[in-house]
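Here's the structure we're looking at; comments come further down.
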Amino acid sequence: MSTLTANRLAGRAALGSVILLFLVNGLVIGGYAAALPTLRDRHQMTGWQFPGVLFAAGVFGIISMQIGGRLADRIGARAVALGSLPLLGAGILILCLSPAYPVAIIGAAVLGLGNGALDVAMNAYGVQVEQARHRPVMSRLHAMWSLGNFAGAGLVLLLALIPGLAGAGILPWLGLIAAVSSLVALVLLLRLAPPAAPLSHHDEQTGGRTRIPAAAWLLGLMAIAFGLGEGTAFDWSSVHVTDVAQVSPTTGALGLTTVAGAMFLIRLAGDALVARFGRRTVVRFGGVCAALGYLLVATLTPLPVLVLGWALVGLGMGMIAPQVYAVAGHMGGGRVLAMVVTFGYATFLAGPGVMGGLVQLLGIQHAMFVPAALLTGLLFLAVVMPKEDRDLSR
């Protein structure tokens, strides 16, 4: 990275640009997730049709992560991130305006393409900003993504309160607002976002491509653990509280609300914790919190204890992912980051379905021992994960 590029990436404009990317991505994905039940009812999806929409978004997201990660290293993360924004906006717009199920599948695929490439590129961009500023910023960025998620979900609720927009009437407006937000962000970032540095993966001595560091696979295993833990928390926490505490679904929603709120709050403090204690310690403490939280919800039944358990899960999960992604980006740029993000993303998507089978086999409470066990294993992996620049060169 040249001195000029580093100086630009260390400025407020660079940090503000990455924050905007995380916010807009969170807004679109939060709105998409909150509108899925309405979309399902609009097209009267049955059987595997609804999972088909999720599958299209997930598979095309994973494909674009691999392409986006390599392009980010070749032409710069800024260029890939900005190029992904029109796809993200077009995808949510097509999905929300879809007149028939096949068009919804196309919209989900386009949304996945935009989201996957943007996910890797904005994290890679954030890592370069962190390197230029010489202090942690990744937790703050992920907090902004969580805030965008809240805004997207809140937008759906707000639209539903407007007379005449009940049910499927919210979808065109959601698609339009999300697409315009992506376009406005693109225009602003074209003017404000400084270029990111391309990364070379060629060995100067041999002339060949350098290998992906062995430690990247360790980070991938960690991503599997937190991917299952986070996916389970988002998809099963409210159902778990409802069934185990035997409360109404409205009260059961305390599960997801607690998880999301705890994740957002700890991410606001995460950068200060990393600066004070280091990434390894933060990840280990996050693993302890999340594992303990899952043990509580797997063994006890009173509502206050379950809420406490899910709060611990949220605190723990909120600490882990930003640090693992940051280390991956420091280790090998977009190429390694794409690999690690894919491990976590794929597990986040598939994990809740696997948990569904375990719930049928073990019951919803005892099934929570599985993420508790994986997060306990993550503690041992965190002992040897890279933490400093000298570790990242191995």
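Cβ from N, Cα, C; glycine included.
The domain 'Major facilitator superfamily (MFS) profile' feature in TrEMBL is assigned to 14-389. What TrEMBL lists as transmembrane segment is 12-36, 48-68, 75-95, 101-122, 143-164, 170-193, 214-233, 253-270, 282-301, 307-329, 336-358, 364-384.
Between the transmembrane segment (101-122) and the transmembrane segment (336-358), the number of CB pairs under 8 angstroms, six or more residues apart, is three or more, so the stretches are in contact. Only pairs six or more apart in sequence are counted, and the transmembrane segment (364-384) with the transmembrane segment (214-233) gives three or more Cβ pairs under 8 Å, enough to call it a contact. Across the candidate stretches 48-68, 75-95, 143-164, the maximum count of CB pairs under 8 A to the transmembrane segment (12-36) is reached by 143-164. Sequence-distant neighbours of the transmembrane segment (170-193) (same chain, 6+ residues past either end, Cβ-Cβ under 8 Å): 13-14, 16-17, 20-21, 24, 27-28, 31-32, 35, 38-39, 42, 78, 81-82, 85-86, 88-90, 92-97, 152, 155-156, 159-160. Counting residues 6+ beyond its ends, the transmembrane segment (336-358) has Cβ neighbours under 8 Å at 54, 58, 61-62, 65-66, 68-70, 72, 116, 119-120, 123-124, 127, 212-213, 216, 219-221, 223-224, 226-228, 230-232, 234-236, 321, 324-325, 328-329, 367, 370-371 in the same chain. Sequence-distant contacts of the transmembrane segment (214-233) (same chain, at least 6 residues past either end, Cβ-Cβ under 8 Å): 256, 259, 283, 290, 294, 310, 313-314, 316-317, 320-321, 324, 327-328, 331-332, 336, 339-341, 343-352, 354-355, 368, 370-371, 374-375, 377-378, 381-382, 384-386, 391, 394. The list of residues near the transmembrane segment (75-95) in space but at least 6 beyond its ends in sequence, with Cβ under 8 angstroms from a Cβ of it, reads 17, 21, 24-25, 28, 31-32, 39, 64, 68, 103-104, 106-115, 117-118, 120-122, 124-125, 128, 174-176, 178-183, 185-186, 189-190, 193-198, 334.
Tertiary neighbourhood of the transmembrane segment (143-164): same-chain residues 19, 22-35, 38, 170, 173-174, 177-178, 260, 263-264, 267-268, 270, 318, selected by CB-CB distance under 8 Å and a gap of 6+ residues from either end. Same-chain residues lying 6+ beyond the ends of the transmembrane segment (48-68) with a Cβ under 8 Å from its Cβ atoms: 36, 39-40, 80, 84, 101, 104-105, 108-121, 334, 338, 341-342, 345-346, 349.
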